[in-house]
């Protein structure tokens, strides 16, 4: 099977995030593992891209490398005209805080802060607007996500789905240029997962750029484009035109067919 | 527990230690320190008692000793000894008391009198049968003519050496002797014995007696070795009933044993106190470590419980982890104590000689270390009661105990701060307020650290403060002159007349001290040194009552009052000394005086008295002159001027006087204060490092999340610095309040022996409440920063994915 390395851009706007020649390896228990073997990827502004691939193919590592959480061994990552790979840890942190949002598989709210406090956390850190402004923004997002009534609860006092929705509110709080998702529905039951997907699709329709790592074909079927990773490389990609309120069965089939074709 | 379960559990143990090696190291360190100190304290006690017993056996210390000044009927005593069945042997030893300032030692780099020792000094010859003075090899000394053997006490205090020259100057000339060596005196070795014996050849004692003439005084030691030591009480009664000479103190075997063990005993007591403190810190650390470990391992514990591991097995898992660490610490400590013993026991070996009890002291060390390990085990078991509360369901679902909605109180406290402090600071404070129980451990340790840092400092400040003179039985003055009775006292009168004509002098007064006797609480005559003069001119600070104003009144130092069993309002009867030095014969009428006040005094062994009535005693001892200068006068210059005009007098500022008298104590306190500073800072730094590592491990998930969200490492570190700073601030406050409230009493407890029972600590506010806390804060902040660098240890993705 030929490995196709594609540099493509099928989104609606100019390139927002672009990676060139990303390489990264780990040494774990004395074993050297090359996790990213020269990845090139471009995400256009407003685009919804999902990354699929078998376990250990380097999907999550790609996500952490693109967002600057994990340093890479070689290659460059640019967010608009800023080269992230050239920034120091503090500037990277500033960039993540101001321009990126994150949704993880496990709820990653701080256990000692209430839901509302978690959501306004980084805005408070930078004193964006007044306290009232911040609460108003959070209220708008939390109402939309259906968790405003839970704002005073601690993370341990709400369900997994509610936590994930609060997590999305937190990711959106600062109107980031891009949201990174690492299996955002992975830990949820079907109903909760659907609600989260609806929320993400809705956001994308409003212009938010999304890059989501997933195993779930129903998530992939809602994206503009699916990138397939195998052994640390981008093996193929599939441009879709779904973005409906629910996953189009035809698109789901198309994704499955392509996966079968790649042996995933 | 089946074998495979046991295997899994031991792997969990090993992994846990590997995951957090700092904690393991710190725990081992504290247990090691505790075990080392406990073993050394034990060795000290065993060695001191052993060495003291062996010295007293070698020296054949008397079982009963009666001191006596004045005339003596040796034949009557001999007759009594022969007639009394309890007496094995007896001896009457003559001692020549010489004022310590009249004994000067010179040599390369040395020129000192014996005055800094604050001791009564007597020249003696070697005894024939018992009460033998020994050299440092334990051999009985036979001094060669022209030489003198000095107590080891002076060698250590004044840094003296063999071959130096000792000169005694008296009204009838001077005697020069060569220091032949240093002696062990089984009666008066300790600095707690207020007299010291200097050994010379019989011919030299005669020369000395002639040279000092009237300035010296003969005192007798009437000593007995008994056939049965246990009968010493009965013997004392019989001695008293016989009406034999007894105008000085009586000392029995038991007291000699006590005095010989006291110095080592006090060191042991301090070491034991520090050990208890260290064990307490170790236990607090273990508790804290365990609590955070349990919190962190919550999910693991829940899973183990869910698969059927019993609480008992879990308890064993955790207990064993700490027992292994404690046992390692105990072994390290035992080895360390061998080195520590060399330092701690050096003094004991020097003053008391070898003890020959190596094996028992080693066994005691092992037993004490085992005890510490057992205490650790018990503390761990107690804390592990919490395991029962872990719910497998909750643990697996959330991985943490249920965090309840934030309490109102901290929220309100923080909202009162408004927006100003910034999010990292608010988050840091919030965590402290939310979890007071977690921070209670470092709080207590910081408070203890601040306490042991501030208290010695305050003591040092107190002793060096100008007002400290009021604890030395004197009022505050600019100038002070001390002179022995005799020719020098007349020169003081000349100086007083000069001062009267000097317009720069605001006030001046002369006080004369003379010796009287009064009956102590046991009805035994005791010497009372009374200072007479215009007490209103340089007023003392009285801890009880007020200054005497009439001729029928007297004020007593605290220890003198204790000796006489007198309180304010009581009457005491003091008898003037009529015979002896002045040669006046015939008894003088006693003075009946009412006690009007009690003051604190560390001079003269704490035993002094004051009155305004002129002296009737013939035994004048010394004269003291005080002067205050007018405002604006260059005091040091004027004092220097008078010192030049009166080269034969010791004209000095009060500061110099305090330094000269208390120099040893001040130096010791400075050393203690510096050591306490070092210990306090080291403990604070160590605890902070430990605490931070534990918190970072515990908070790894939250830190990962914050960093993922774009918190800079500085934002994260600030939170931790704020936490430790907040806890430290509270701890320092507690420690400072503790030092202020309890410090005086605690110091009084230790210092009551030298006459300071009600020491009011004077703190230098800058040093105690600004500089020291700031240094502590700096050390804690550095320790926090050094141990809370998240970036260097944890990749963000790993911490998040791990959860």
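Each residue, glycine too, has its Cβ placed from N, Cα and C.
The domain 'ABC3 transporter permease C-terminal' annotation in TrEMBL covers B:273-379, B:675-789. As annotated by TrEMBL, transmembrane segment applies to B:266-290, B:322-340, B:360-380, B:436-455, B:672-696, B:725-754, B:766-786.
Under 8 Å from some Cβ of the transmembrane segment (B:766-786) lie the Cβ atoms of residues 446, 449-450, 453-454, 457-458, 461, 677, 680-681, 684-686, 688-689, 692, 717, 720-721, 724-725, 728-729, 732, 736, 739, all in the same chain and six or more residues away from its ends. Counting residues 6+ beyond its ends, the transmembrane segment (B:360-380) has Cβ neighbours under 8 Å at 31, 34-35, 38-43, 45-47, 279, 282-283, 286-287, 290, 318-319, 322-323, 326-327, 329-331, 333-334, 337, 341 in the same chain. Sequence-distant contacts of the transmembrane segment (B:436-455) (same chain, six or more residues past either end, CB-CB distance under 8 Å): 277, 280-281, 284-285, 287-288, 291-292, 676-677, 679-681, 683-684, 687-688, 691, 723-724, 727-728, 730-732, 734-736, 738-739, 743, 746-747, 763, 768, 772-773, 776, 780. Summarising model confidence by region, the domain 'ABC3 transporter permease C-terminal' (B:675-789) averages a pLDDT of 81. Secondary structure of the domain 'ABC3 transporter permease C-terminal' (B:273-379) per DSSP (helix as H, G, I; strand as E, B; remaining residues coil): 96 helix, 0 strand, 11 coil. Counting same-chain residues at least six beyond the ends of the transmembrane segment (B:266-290), those with a Cβ under 8 angstroms from any Cβ of the stretch are 23, 26-27, 30-31, 33-34, 37-38, 40-41, 44-45, 48, 318, 322, 344, 347, 372, 375-376, 379-380, 383-384, 438, 441-442, 444-445, 448, 452, 683, 687, 690-691, 694.
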